[in-house]
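To start, the structure itself, in structure tokens.
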């Protein structure tokens, strides 16, 4: 894995090119960029064929230990790695410990292992056990075992223990990586921990310096508990820590930061020098039955009336026969309407989350194209201001719907929602 910086702007972050290859493909992506958040080896709600409508480029797929550990025996038997096993052999696989879309469960941490909660319950992973799984998965890129279960509320004592454990785990995983014949083509990225404590962040970066020849990049972790917690982060606290950390990291290595950050937070992180994010935000919005509609065209004259999202459960869309976003060219917006999406939700059709996910991913990737354009022109502050003018929409409360004004053609009982006999 190689990272090349193309330009560094004064106030808008940096542009770069990340080149990654595996046995089947050689992928080059422009940064700031996105990796595809996967669950169980697949993009949620989308088949491989539908995914090809979204992007013709070879994807970088983010696999998490929490929803793939049950595959270990089968992947080991396959002997071609997790990408081939899940039917995306040409994709670049990136293995992380925990799913950024799932809230971390509080748990007791021991010095010798990291608890992982998967579909089969809690499992305690030591460095040795973790590297056995990594050898079976043969990921293109992976992070060593680390203790990053910290957030703004974590005590200094907890943060210190997180750093101490992470240092031990990283040493053991790096040593195992050096000795492994199966992982010679796998790239290691270093986890930077320390919560919101700047001194511990600096200590974490300093510790990783000794492995600079082993690490192809860095991942800033330990700032939130995954899931929706990332959408609720306080901007000022987050930016201070990320800015401090990025200033300490080598400039020639790629920087990852995963989590369901809001578009406004994403822009702040890009400005600080983060290069790669994931699509868990688009997935969580799909789970909430919401379509992303925020504008990233700074020439949009109607920005003051724009809403950042729309909720397909809202009855006001029942007779809106236009796509989610007027100018959107995704398959969902060109072939379907808000009214149809609202109908699909009401009838609990499986197609509803599919077209939502198609649109949300497309919209999010287009957003990052706009980000790269503004970084190249050093005008990211214009995009920040543009987003701040738009209105956030609260979650729709289905209990607020007046059942006395129900659709006369709805043959379901208003109380039970079952078909009337």
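Glycine is treated like the rest: Cβ placed from N, Cα and C.
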Given that Swiss-Prot records 328, 330, 333 as binding Zn(2+), the matching residue among 359, 374, 386 is 359
Taking the centre of the Cβ atoms of 328, 330, 333, 359 as the Zn(2+) site, the remaining residues of that chain with Cβ inside 8 Å are 323, 324, 325, 329, 331, 332, 334, 358, 362, 363
Long-range Cβ list for residue 328 (Zn(2+) binding site), cut-off under 8 Å, min separation 6+ in sequence, same chain only, gives 334, 359, 362, 363, 366
